[in-house]
Structures are given as C-alpha cells and as structure tokens.
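Pulled from TrEMBL:
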TRANSMEM  6-26  transmembrane segment
TRANSMEM  38-59  transmembrane segment
TRANSMEM  65-85  transmembrane segment
TRANSMEM  97-122  transmembrane segment
TRANSMEM  128-148  transmembrane segment
TRANSMEM  160-179  transmembrane segment
TRANSMEM  191-211  transmembrane segment
TRANSMEM  232-250  transmembrane segment
TRANSMEM  256-277  transmembrane segment
TRANSMEM  289-308  transmembrane segment
Amino acid sequence: MLHSIVSTLLQVIVPLSIPVIVGALLRRFKNLDTKPLSVLYLYFLSPAILLETLTTATITTEDAASTVAFCLINLALLWLVATVVGKLLKLPAPEKAGLTLISTLTNSVNYGLPLVLLAFGQLGLDKASLYVVVQIVLTNTIGVFFAARSQFSFADAVRSIFKLPAIYAAIFAFLLRAFELSLPDGLQSGIALSSGAYSPVVLTILGAQMISVGSQAAGRTKIETRTFWTGMAIRTFAAPLIAALIIWALGVEGTAAHVFFILASMPVAVNAVVLAERFDAAPKLLSRCILWSTLSSFVWLPVLIGFVS
C-alpha cells in the first residue's frame with residue numbers, strides 16, 4: 001500500500017504538479033492572464049481531446065449506461081447529503097447553495113482527465129471521457145439549478161450547454177461511431193496532435209486559478225467557516241464512500257470502477273465559483289474550498305489511487 005502511494009506521488013502527482021506550479025508562479029509574479037488560455041481550452045483543446053478520445057476509444061453500450069447511471073446516482077446522493085446537512089446546521093440560503101455546489105461539482109475535466117491518463121493510461125482516459133461528457137451536461141443544467149434555486153431558468157441552462165463546442169464534439173463523435181465512419185487520417189492526426197496540448201495548458205490554468213481564488217478567499221464569517229469545514233468533510237470523506245457504494249451496487253468492475261471512484265473524489269470544480277458569483281451562492285466560501293480541496297488532493301488522491309491499485 002505504502003509503495004503504491006509513493007509510486008503514485010512520483011509517477012502521477014509530481015508530473016501533474018509541474019505545470020500547476022508554473023501556472024501559479026506565472027500568475028503571482030507575471031500576472032498571467034488566463035482568459036486567452038481559457039478560450040483556447042474551452043473552444044479548441046477540450047473539444048479536440050473529447051473528439052479524439054471518443055472516436056478512438058473502445059466504448060460499449062454497457063459502458064455508456066453504467067457511466068450515466070453512476071453520475072446521476074452519485075449526484076443525487078451528494079445533493080441529498082448536502083441538503084440534509086444544510087438543514088441540520090440551519091445554514092442561510094446562500095451557504096446552502098454553496099455547500100451543494102461544493103458537494104456535487106468536481107474538477108473532473110482540467111484536473112481529472114490528466115490525472116486519470118497518468119494513473120490508468122489510455123484505457124482509463126477512454127472511460128473518463130464518457131464521464132466528462134455527462135458531467136458537462138449536468139454542470140450546465142442541474143449545476144445551474146443548485147446555484148440559482150429560485151432564479152433558475154431551465155431553458156437558459158439548456159442553452160448554456162450548446163454555447164461551448166465540447167458538446168458538439170461529443171455528439172459528432174457519437175454520430176461517427178453510430179454510422180461506423182472515421183475521419184481522414186490527416187485530420188485525425190491533427191486532432192490527436194492538438195489534444196496532446198490539453199493537459200499542460202489546463203493544468204497551467206488550474207495553477208493560476210488557485211492563486212486567483214486564494215486571493216478572493218480572505219474575510220470569512222463563522223457561518224462560512226462552519227460551512228467550509230462541512231464541505232471539505234463531504235468532499236474528502238463522504239464523496240469517496242458514496243462513490244464506492246454506488247460502484248458496488250452497480251457491479252462496475254476493473255478500470256471503469258477505478259476511474260469512477262477517483263473522478264468522484266476529485267476536489268471542488270473551479271467553475272463552481274463562477275456559478276456561485278453569478279447567483280450569489282457564497283462565492284468566497286467556494287473560492288476557499290476550491291483552493292484547499294485542490295491543495296489537499298495532492299495528499300489524499302495518491303492514497304485513493306494506491307487503494308484502488
């Protein structure tokens with residue numbers, strides 16, 4: 001077990017941490033503007049890696065069904081936990097919404113995909129890509145509902161999904177597979193080349209964003225502090241336990257089980273703070289949880305990966 005943890009630290013976490021540290025340093029000392037990089041990631045690299053992976057991956061109907069089932073059940077149970085705990089703690093509405101976002105939205109895209117690739121190889125990435133597609137849809141629909149509550153507009157949420165090309169890349173990939181078509185070799189090679197830039201770019205963005213959210217996390221009330229520790233406990237301890245129970249109940253095995261478990265145990269999603277700011281769902285609380293859950297994940301994720309290995 002200890003050997004697996006040390007091996008994960010050296011072979012997975014250390015390589016991942018290099019672009020994260022570089023991004024943080026560039027943000028701190030050179031005031032790196034992440035907006036152009038975010039545009040590159042959202043409109044080019046993200047659809048490229050999804051298209052390249054989903055068109056070449058070995059995916060079965062059973063894989064798709066188990067992925068959707070896991071994501072929906074996991075989301076429902078985490079929402080239930082956050083709702084019950086929020087009521088028990090008698091949290092105000094913004095903190096309740098913030099706790100729900102902390103509990104349900106994980107950084108499975110710009111942290112999870114590179115981590116899975118290094119930890120479980122191409123087969124793991126194949127399984128993770130399906131998971132990410134489902135998460136993109138859930139974040140832009142149910143995630144908006146969690147953040148907005150009374151301000152929620154389902155039509156706006158649905159439209160927001162189709163504002164980014166990642167969903168179109170996924171749909172296009174599924175159509176190619178459905179009709180047993182393939183892209184020309186030159187185009188496929190170009191997409192594969194482009195997708196190779198995904199991991200270093202998004203991890204650099206993550207490092208820069210950690211500095212940004214850290215600067216926003218100053219100043220907190222007793223309620224925010226209590227909610228913070230509750231959210232950290234749910235994300236660190238409850239989320240892996242719930243994921244393990246769902247995997248057991250669904251009978252998922254092998255690499256898919258490992259990938260689901262790790263992605264469900266990831267730190268809080270960076271884009272959760274965007275939703276929190278838009279709908280006044282305790283954005284400072286979200287910023288603080290994003291920062292500390294990401295930092296602590298460099299310790300707990302190797303333990304979890306060592307456990308499943």
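A Cβ is built for glycine as well, from the same backbone N, Cα and C atoms used for every other residue.
By the Cβ criterion (distance under 8 Å, sequence gap of 6 or more), the transmembrane segment (65-85) is not counted as touching the transmembrane segment (160-179), fewer than 3 such pairs being found. Per-stretch counts of Cβ pairs under 8 Å to the transmembrane segment (232-250) identify 256-277 as the leading one among 6-26, 38-59, 191-211, 256-277. Highest Cβ pair count under 8 Å relative to the transmembrane segment (160-179), across stretches 38-59, 97-122, 191-211, 256-277: 38-59. Between the transmembrane segment (6-26) and the stretches 38-59, 97-122, 191-211, 256-277, Cβ pairs under 8 Å are most numerous for 191-211. By the Cβ criterion (under 8 Å, sequence separation of 6 or more), the transmembrane segment (256-277) is not in contact with the transmembrane segment (38-59), since fewer than 3 such pairs are found. Through the fold, the transmembrane segment (38-59) approaches residues 109-110, 113, 123, 125-126, 129-130, 132-133, 164-166, 168-170, 172-174, 176-177, 182-183, 188, 191-192, 194-195, 197-198, 201-202, 205 of its own chain, all at least 6 residues removed from its boundaries and within a Cβ separation under 8 Å.
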